[in-house]
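One structure is given below, encoded as C-alpha cells.
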Amino acid sequence: MKKQFAVIGLGRFGGSICKELSRLGMEVMAIDHSPEKVDEFKDIVTHAVVANSTDEAALKNLGIRNFDHVIVAIGDDIQSSILTTLMLHELGVKHITVKAQNDYHEKVLEKIGAHEIVHPERDIGIRIAHHIVSKNVLDYLELSDEYSIVELIAGEKIHGKTLIDLDIRAKYGINIMAIKRKEEINVSPQAYEKICRGDILIVIGADRDIDRFEKQLLDEG
Ligand code: ATP
C-alpha cells in the first residue's frame, strides 16, 4: 500500500514538499486554513482540505492519526506550530516532522513529541556559505559536528590521476563514495579509475581532512 502523508501549512516549504511527494506517487493530504492556498493545491495532491490544525476536533475529523507521516510546515506562527505538534503527538501520529524557525522553537518541539525537526533556511544557508567560500565545493551535507559529505569539483591538479595515484584514503583519511561525470554516476569507484577535470567527487570524511584534500589537490589558484 502507498504511504500516506499529510502536510500542514502550504507556504513555500510545505508546498514544495506536497509537490515532490505527489510527483513521487505518494498519497498526500494538503491542509491549510487559507482557502486560497488549498485551492492552489487541489489539482496537485490527493486531497486538499481547509482546516485549522490547532483545532483538535478538525484534526480528528481528518483521521490524522491514520497517516503514516505528518509534516508540520507552519513557519511564522510558532504558537500554532507548537500546538499542532502537541495535538498530533497526543492523537498518536506515528511520525511527525516539524519545521523549526529557531533554536528555542526546536527545543520545545523536541520536548512535545516531534520525531524529526528540520531547519530548511538554516541548512540551505550553511550549504550556500560553503559553496561561496570555496569554488570547489558544490554541495555540503553535515553528518555531525565533525563529519560531512561534500561534492567537490576536480580541478587541473588531479586531471588524469587514478585513485591509487592520489592515495586519498591513506593520505587524507577520506573516502570518495562516487564520481559524477556529466549524467553518469560511478558509485564506489575502483582504485584504477581515472579522474578528469570537471568531475564531481562525492567525498565523505572529517571536515578538517576534506579541507586539507581540497586545499592541496583541488584548488587551481
Ligand atoms: P514558507 O517560508 O515555507 O513560505 P512561512 O515560514 O512563511 O513559510 P507561514 O506563511 O507562516 O510560513 O505558514 C505556512 C502556511 O501555514 C501558510 O499558508 C498558513 O496559511 C498556514 N498556517 C498557519 N497556521 C495554520 C494553522 N493553524 N492551520 C492551518 N494552516 C496554517
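From the backbone N, Cα and C atoms, a Cβ is placed for every residue, glycine too.
Those TrEMBL annotations? Automatic predictions, nothing curated.
Since we're looking at a predicted model, the values are computed, not measured.
So that you can see what the record holds, here are the features copied from TrEMBL:
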type	residues	note
DOMAIN	2-119	domain 'RCK N-terminal'
DOMAIN	135-219	domain 'RCK C-terminal'
Next item on the list: Determine the mean pLDDT over the domain 'RCK N-terminal' (2-119), rounding to the nearest whole number.
Entry: 96
Next item on the list: Please list, for the domain 'RCK N-terminal' (2-119), how many residues fall into helix, strand and coil according to DSSP.
Entry: 50 helix, 26 strand, 42 coil
Notebook entry, point to check: How many of the residues that make up the domain 'RCK C-terminal' (135-219) does DSSP mark as helix, as strand and as coil?
Noted result: 24 helix, 33 strand, 28 coil
